[in-house]
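Quick look at what Swiss-Prot lists:
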- 32, 244, 245, 277: substrate binding site (BINDING)
- 34, 36, 66, 67: K(+) binding site (BINDING)
- 34, 35, 36, 37, 73, 156: ATP binding site (BINDING)
- 221, 245: Mg(2+) binding site (BINDING)
- 219: site 'Transition state stabilizer' (SITE)
């Protein structure tokens with residue numbers, strides 16, 4: 001199973017049902033909606049299509065809303081384009097004007113208060129660089145030297161590297177977009193241009209007011225955000241390393257080390273991290289990635305990222321499906337080369353000690369030492385699965401949760417395969433349900449060794465405190481099956497009706513010699529029936545058929561060989577009984 005998750009930006013090139021199906025089958029785990037572009041109506045249509053296709057394919061796909069953020073842009077230029085020439089001067093005005101080679105304006109009127117003489121102003125992702133020469137606050141104008149020649153079009157981005165900018169945490173548009181996302185039940189918010197913890201708290205306040213359970217991933221895109229990363233992470237659920245604007249705001253040569261540091265900090269806290277921007281940029285135009293791009297994706301995985309993201313490659317590129325397949329193949333190859341024993345050792349040293357982490361690290365070490373097939377995490381909130389994931393075990397992590405929201409939010413967590421299954425109230429029922437669900441995924445089968453981890457008592461969030469090593473059971477008896485289907489339950493041996501009186505039979509398989517009239521009312525309440533009585537026309541077989549209860553008859557010594565409270569799998573189609581949960585699907 002591929003462990004690194006893939007986030008795909010959905011746009012004109014990928015919004016059709018046909019292409020979304022291809023992306024999901026190719027490996028997309030999370031769909032990103034970029035609210036810098038498009039109306040609510042357009043995004044609503046995309047959300048509906050994504051959910052329709054995901055449901056048809058029975059795939060868990062998370063939805064990520066990426067805010068436009070409090071960015072600075074230029075206003076419009078005369079004829080849509082001007083040329084700024086190196087060596088000349090240009091005025092940046094705080095008052096809106098039609099841009100010319102001599103003067104243009106920006107959307108942020110307080111820029112004049114934030115910059116100083118000598119500050120740099122970068123235009124259009126740094127393609128044109130200006131240096132502040134004079135500041136005239138009376139006129140609201142900043143005179144700059146043009147350091148290199150370049151074109152400037154309408155509404156291009158403006159960056160102020162090294163300048164503390166007093167922009168609001170979120171704009172009115174962001175707030176409207178977030179409320180739209182709440183209404184549409186999105187799973188993640190990627191908050192653009194986060195500089196300080198208060199920016200995240202502004203979003204969290206809206207979520208709390210609306211009682212929305214949406215995880216927040218601040219996008220670190222500037223030096224101020226990097227400087228405040230510890231405090232930002234304290235109030236965040238994850239992080240996006242957005243290298244596009246970051247590479248403009250800080251020197252490009254600093255980006256790789258900043259990326260490693262940000263990912264490491266997230267790994268230490270067990271918070272998911274997405275590495276984004278220009279990962280396979282050339283695949284917008286070409287069907288094959290460059291060698292440098294392949295190395296970039298692989299190195300992000302070696303750094304410890306949970307997810308890698310495609311932007312223009314899937315939103316507007318010519319080869320969206322090929323881009324996802326390429327990213328998937330790079331991830332699988334990179335993961336195969338990992339030294340998971342060393343990785344676990346490094347993570348054990350990195351992560352702080354706590355009760356929950358103690359269970360997590362024990363699970364990971366046990367999984368490695370016993371070479372278990374899978375780790376099955378029964379989880380309400382996703383906390384158990386994230387706790388295991390932070391130690392990067394080689395074994396598959398199967399997160400069994402009753403919450404569709406939790407499942408989608410686990411879709412971005414490294415190594416976690418989320419499955420939605422109705423919750424169980426007792427510990428035994430929870431464990432049985434977890435094993436049964438793991439088998440249903442096809443990743444666990446008869447005879448496999450697995451680890452089950454959960455929090456008990458059940459139903460309480462954030463209480464991971466239990467680990468169980470479990471061997472998926474073997475065949476213990478054989479007879480003649482009646483009906484079809486299979487059930488898993490605890491055996492209850494009955495010589496007569498009195499043995500069943502007053503018992504809860506809702507998860508029980510009745511084991512008896514034969515069925516008479518006194519037993520029928522109890523058989524109706526059970527989930528399965530095993531009898532020593534032989535024959536397809538026997539009373540036991542007839543009752544099983546009439547009541548639609550999976551039944552196996554003609555099992556010799558059933559009442560002696562099968563013990564009370566033993567967990568058994570009854571497979572009516574094959575006439576077999578297994579101890580524990582067996583793969584009979």
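Each residue's number is its place along the chain shown, starting with 1.
Cβ from N, Cα, C; glycine included.
Projection of Swiss-Prot feature records onto the structure.
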residue	record	Cβ contacts under 8 Å, 6 or more apart
32	substrate binding site	7, 8, 9, 10, 64, 66, 190, 309, 311
34	K(+) binding site	9, 11, 66, 311, 315
35	ATP binding site	43, 65, 66, 67, 68, 173, 174, 177
36	K(+) binding site	66, 68, 69, 192
73	ATP binding site	106, 107, 155, 156, 157, 158
219	site 'Transition state stabilizer'	66, 69, 190, 191, 192, 193, 194, 240, 242, 276
244	substrate binding site	125, 221, 276, 277, 278
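Geometry remark: residue 245 (substrate binding site) versus residue 37 (ATP binding site), CA distance 17 Å. Taking the binding-site residues 67, 277 in turn and counting surrounding C-beta atoms within 10 angstroms, the largest count is reached at 67. Contacts of residue 37 (ATP binding site) defined by a Cβ separation under 8 A and a same-chain sequence distance of 6+ are given as 11, in order along the sequence. For residue 156 (ATP binding site), the number of other Cβ atoms no farther than 10 Å from its own Cβ, over all displayed protein chains, is 19. In this entry, 34, 35, 36, 37, 73, 156 make up the residues listed for ATP, with the farthest two CA atoms of the set 17 Å from each other. Other residues of the same chain near the K(+) site, with their Cβ within 8 Å of the Cβ centroid of 34, 36, 66, 67, are 33, 35, 37, 65, 68, 69, 190, 192. Here the Cβ of residue 245 (substrate binding site) has 23 other Cβ atoms within 10 Å, regardless of which shown protein chain they belong to.
Cβ-based neighbour count (10 Å, all protein chains) for residue 66 (K(+) binding site) stands at 25. Under DSSP, residue 34 (K(+) binding site) is assigned to a strand (E or B) in the three-state scheme.
With 32, 244, 245, 277 listed as the residues that bind substrate, the site has a largest C-alpha separation of 18 Å.
Reduced to three states, the DSSP call for residue 245 (substrate binding site) is helix. The local packing around residue 221 (Mg(2+) binding site), expressed as other Cβ atoms within 10 Å of its Cβ over all shown chains, amounts to 28. DSSP assigns residue 73 (ATP binding site) to a strand in the three-state reduction.
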